[in-house]
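All remarks here apply to the structure that follows.
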């Protein structure tokens with residue numbers, strides 16, 4: 001919800017952020033990223049450039065690195081893409097389609113290689129990597145059974161995509177039947193659907209002549225062409241496909257990444273001819289520099305270079321961290337900049353009440369995307385002060401009317417990197433934060449204190465559920481794709497229902513049909529009987545929901561998708577989770593210890609849950625909601641291993657694998673890895689130097705294994 005305000009203050013560097021400021025900014029950035037993910041992955045209509053988006057993720061990751069205790073699932077580091085749009089049948093990926101972490105400087109690449117060397121406990125950095133241009137297109141997974149194409153699905157949110165099989169069959173680059181020998185019975189080939197620059201220009205000429213929509217860039221045109229209900233439209237569009245990865249495979253035909261690339265070619269796929277095998281960090285960086293120099297001459301858009309560990313067995317050992325693999329990284333190209341005029345500054349009130357100043361720009365093209373909004377972070381940032389009190393932009397403040405330099409290096413909404421003082425008009429106005437919330441209630445504004453007890457730069461509305469801006473943001477999260485995923489209740493419809501008083505809390509959505517005799521929604525302009533019936537049907541179809549989605553939909557601070565999933569798997573059922581939450585809210589030490597023992601759950605999340613369920617208003621909302629829906633128990637780990645579903649603790653020194661590798665292996669086999677021992681712990685793997693955790697295991701009678709016994713148990 002946007003509202004105009006007056007003057008304002010600037011933003012701080014990550015190194016200067018206090019814990020309180022970091023917590024607030026992480027939540028704000030997470031919400032921004034969610035909106036941009038939806039516009040990019042679902043709507044094929046991004047409002048920011050890739051560089052701007054990357055900058056946002058950079059800042060978010062930097063804050064999380066400095067404050068690891070604040071890592072939550074709402075962080076961009078915990079998410080992949082966006083949930084399927086609902087226009088196509090949903091397809092669950094047998095192997096998740098995760099995204100790569102980003103590198104923006106040579107030092108990032110060196111750190112990436114160093115982490116791999118340490119993880120694998122290698123004596124040197126002599127590792128082979130495949131290197132290839134990062135195509136700016138639409139990720140696709142093609143499933144073949146018995147050599148025949150059976151399903152084509154988009155990335156979606158990484159776990160679930162959209163079925164676009166009929167459309168994919170129209171692409172010449174996608175074989176209907178795989179060629180060659182040693183083709184596995186089940187084979188998922190992954191790659192990128194793209195459109196060449198030449199084809200993009202020709203398509204836009206035809207669109208313009210026909211009076212149809214003009215696409216912003218080749219990526220949007222490729223995505224829009226593929227996600228057509230009518231396959232003949234897709235067939236008329238010149239789309240290409242590069243194969244570069246795989247998902248579920250009943251057998252691996254090759255032992256290396258580059259070997260798989262050649263195997264794809266033998267099967268009938270096109271692969272990027274610029275792919276190379278590199279043997280050192282220096283070769284990786286040299287390849288990046290060469291591709292950047294050749295970038296303008298290529299007939300397709302790229303936004304960086306991808307590096308992957310070549311040995312597949314090493315990829316499997318390295319595994320994943322949340323949403324990204326340890327064995328791969330995308331080395332992005334430098335950001336692009338442009339100058340434009342800052343026309344106004346508006347205050348955005350987030351779901352948690354935090355104020356974010358958003359600059360409204362004279363529209364300007366940056367890297368092929370029209371940019372109209374820019375995040376100004378907080379008061380200090382606007383004043384030219386960084387997070388640690390350092391000077392930004394040589395002390396130049398930002399005023400309404402200024403000519404500013406914006407950069408699309410990664411901020412979801414681009415960032416202002418400078419102000420052109422020579423162009424500052426006499427009418428330029430300083431911006432000051434409002435003293436009250438811009439909502440109709442004009443509730444008071446509070447400031448989060450710094451670690452030194454001083455007033456911070458982050459402003460927050462104190463109205464909480466009384467503030468209509470916060471209420472509506474909670475409802476938007478509730479109906480979002482990652483939560484209840486209710487079709488027909490978009491932002492505009494939900495805002496209308498909220499303004500009219502039809503929906504004030506989540507349970508109201510499920511009682512709309514009962515109340516419609518009085519509300520008469522079909523008489524509202526733009527609705528009609530058919531639209532209302534469809535809406536009620538969509539709502540009815542969402543009365544049954546998975547536990548992890550329900551927990552996420554509650555909108556508790558610091559409980560995003562990843563955390564919600566960890567809680568759901570930890571407790572199994574709503575009854576068990578709800579009971580634990582009520583006990584935690586009352587300060588029950590045993591309940592808090594049990595929750596703390598869950599993977600990815602720490603003090604910050606526990607406090608947030610305690611605060612939420614300690615508030616009677618929230619308990620009432622939950623009670624009314626649970627009367628309207630059925631909450632499905634969490635799925636059990638899909639693994640036949642001896643440790644599936646067990647809670648494991650590693651302690652002491654491990655000699656045959658790193659601690660990270662041991663944790664990744666256990667989780668891959670369906671186990672839960674905890675950092676502390678409790679009576680609910682199933683196994684403790686103890687190496688030399690094991691101390692208090694081993695003592696706790698003996699105290700609780702928990703089974704203790706040596707490293708060799710652990711490896712034998714898991715069959716490695």
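For all residues, glycine too, the Cβ spot is worked out from N, Cα and C.
Copied over from Swiss-Prot:
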type     : residues                                             : note
ACT_SITE : 134                                                  : active site, N6-AMP-lysine intermediate
BINDING  : 50, 51, 52, 53, 54, 99, 100, 132, 155, 192, 308, 332 : NAD(+) binding site
BINDING  : 437, 439, 461, 467                                   : Zn(2+) binding site
DOMAIN   : 638-716                                              : domain 'BRCT'
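Annotated features taken from Swiss-Prot, shown on the structure.
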residue : record                                  : contacts (Cβ under 8 Å, 6+ apart)
100     : NAD(+) binding site                     : 306, 324, 325, 328, 329, 330
134     : active site, N6-AMP-lysine intermediate : 302, 303, 304, 305, 306, 330, 332
308     : NAD(+) binding site                     : 129, 130, 257, 315, 327, 328
461     : Zn(2+) binding site                     : 349, 353, 355, 437, 439, 443, 444, 445, 467, 469, 470
Please identify, from the binding-site residues 437, 467, the residue with the sparsest Cβ neighbourhood, meaning fewest other Cβ atoms within 10 angstroms. 467
For the domain 'BRCT' (638-716), the DSSP residue counts stand at 27 helix, 14 strand, 38 coil
Mean pLDDT for the domain 'BRCT' (638-716), as a whole number? 85
Within 10 Å of the Cβ of residue 155 (NAD(+) binding site), how many other Cβ atoms are there? 24
Sort out for me which one of 54, 439 has the most neighbouring CB atoms within 10 A, since those are the binding-site residues we care about. 54
